[in-house]
Ligand code: PHE
């Protein structure tokens with residue numbers, strides 16, 4: 001005798017070896033709830049005592065037109081009328097006889113079914129029509145039966161003695177009468193071990209999931225069945241508090257660079273144009289500096305340049321306002337070298353931009369348009385190789401917001417200062433990094449930046465997003481490195497952090513990261 005939880009017992013009891021039984025029938029027989037039967041069946045199937053076969057069938061029901069037709073197909077009514085008027089009528093008389101203007105359907109089906117012949121404008125009942133008067137067609141009884149059943153599958157109709165095929169054949173071209181949809185039904189059958197278990201005798205027992213003091217004290221624990229734990233069962237999802245997905249991506253980026261031996265630097269968000277543009281050999285009339293591209297700070301009007309009032313690298317350029325004498329002479333050596341590089345190339349071997357460099361423009365405070373200002377500050381602070389530095393931070397551009405652009409976004413910039421550094425080092429590092437971030441493939445395309453030569457754009461491929469531009473990169477030009485006292489190659493790159501988050505989370509709209517979409521925030525998978 002095997003004790004089984006009540007529902008499992010009832011299912012096994014209902015099944016006969018070698019005969020499949022529909023879950024719906026078991027529900028009827030046992031009187032138990034459908035979901036309870038399915039849960040029991042699943043547990044039995046897991047122990048290989050039963051098998052569950054899924055069968056998907058077409059289920060038929062009637063449309064409103066179909067319900068109307070069930071009362072009498074139009075050609076049936078017309079046949080009766082024709083018979084009553086002597087078995088024939090002129091086509092032109094039909095509307096009057098049938099009491100309706102549009103009699104096309106009647107004529108069509110009377111002739112298609114062969115119930116009438118049509119000759120010289122006269123419709124006459126045929127031999128088949130006479131026969132039809134005595135017996136309903138398969139299509140008519142089919143529709144009538146569907147009115148009674150509400151809906152039925154092909155096999156249910158067949159079980160009820162219907163020649164479904166013949167009916168459907170007759171109903172061809174009358175799709176407006178029938179609704180069809182897929183219905184999945186499940187059938188259970190005993191496996192061999194299931195049949196053996198049943199043959200050995202089974203009895204129902206109360207199932208409990210917890211051993212209570214009462215069960216112990218009363219001794220009933222001997223008669224109950226304990227429900228087994230199944231860690232694989234589906235449960236309602238739980239959404240504990242967690243990091244914001246963008247924050248997680250930032251942490252992953254930092255981790256990736258730490259693993260590759262980089263040091264992290266911070267740099268002012270509001271910085272002088274000197275560090276954002278001039279030190280990068282970006283000409284003072286470069287369009288990127290224009291008001292329509294860059295956010296300028298209205299107050300204070302200007303920031304400190306290196307060497308001014310004790311300003312040093314890494315200091316906030318706003319700590320002391322420079323309200324007096326805008327033109328200081330001599331400038332700090334660094335500022336002087338940058339100025340000369342712009343004007344005539346200085347000692348770099350370049351011809352420079354060949355126009356006057358205005359220190360007032362360099363003093364202007366801007367919301368940094370890229371974190372390359374952090375790289376250049378780090379390089380100026382310590383140009384001694386070998387060094388690998390990165391910075392993640394907020395950047396700003398006067399841009400219209402769309403699916404892939406934000407006016408306030410984050411960038412990751414990095415540099416490698418190394419005597420041995422080559423373009424291969426740069427591409428290898430970036431490929432490794434973006435693959436760590438989830439890219440399937442990484443590609444490089446020649447490009448242009450005022451501060452690098454050669455320059456390359458980096459694209460990453462991922463899933464449905466396809467190829468996405470990830471960052472700009474290159475080797476800093478001598479006009480950038482020499483004024484800072486650096487004589488070895490400096491590899492540099494910078495790109496969007498949100499782009500990486502899009503890659504990582506498969507987002508097609510960057511704005512999602514800044515909307516409090518609670519469903520997405522809950523469901524975004526942070527782990528591996
Ligand atoms: N600063 C560039 C940008 O914002 C990227 C870049 C950084 C390109 C460093 C070359 C070198 O698009």
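A Cβ is built for glycine as well, from the same backbone N, Cα and C atoms used for every other residue.
Given the structure is predicted, the values throughout are model-derived calculations rather than measurements.
Annotated features in TrEMBL:
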BINDING   372, 411, 412, 413, 451, 476  L-phenylalanine binding site
BINDING   453  Mg(2+) binding site
COMPBIAS  302-324  compositional bias 'Basic and acidic residues'
DOMAIN    247-503  domain 'Aminoacyl-transfer RNA synthetases class-II family profile'
REGION    302-329  region 'Disordered'
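Neighbour counts of Cβ atoms within 10 Å were compared across the binding-site residues 451, 476; the minimum falls on 451.
Among the binding-site residues 372, 453, 476, the ones whose Cβ sits under 6 Å from an atom of ligand 1 are, in sequence order, 372.
Cβ neighbours within 10 Å of residue 413 (L-phenylalanine binding site), excluding its own Cβ and spanning all shown chains: 27.
Of the listed binding-site residues, namely 372, 411, the sparsest CB environment within 10 A is found at 411. Cα of residue 413 (L-phenylalanine binding site) to Cα of the residue listed as 'Mg(2+) binding site': a span of 17 Å. If you average pLDDT over the domain 'Aminoacyl-transfer RNA synthetases class-II family profile' (247-503) in this model, you get 90. According to DSSP, residue 451 (L-phenylalanine binding site) is assigned to coil rather than to any helix or strand. With a cut-off of 8 Å between CB atoms and residues at least 6 apart in sequence, the same chain places 474, 475, 477 near residue 453 (Mg(2+) binding site), listed in sequence order. Listed in sequence order, 253, 371, 390, 391, 392, 471, 494, 495, 496, 497, 500 are the same-chain residues six or more apart from residue 412 (L-phenylalanine binding site) with CB atoms under 8 A from its CB.
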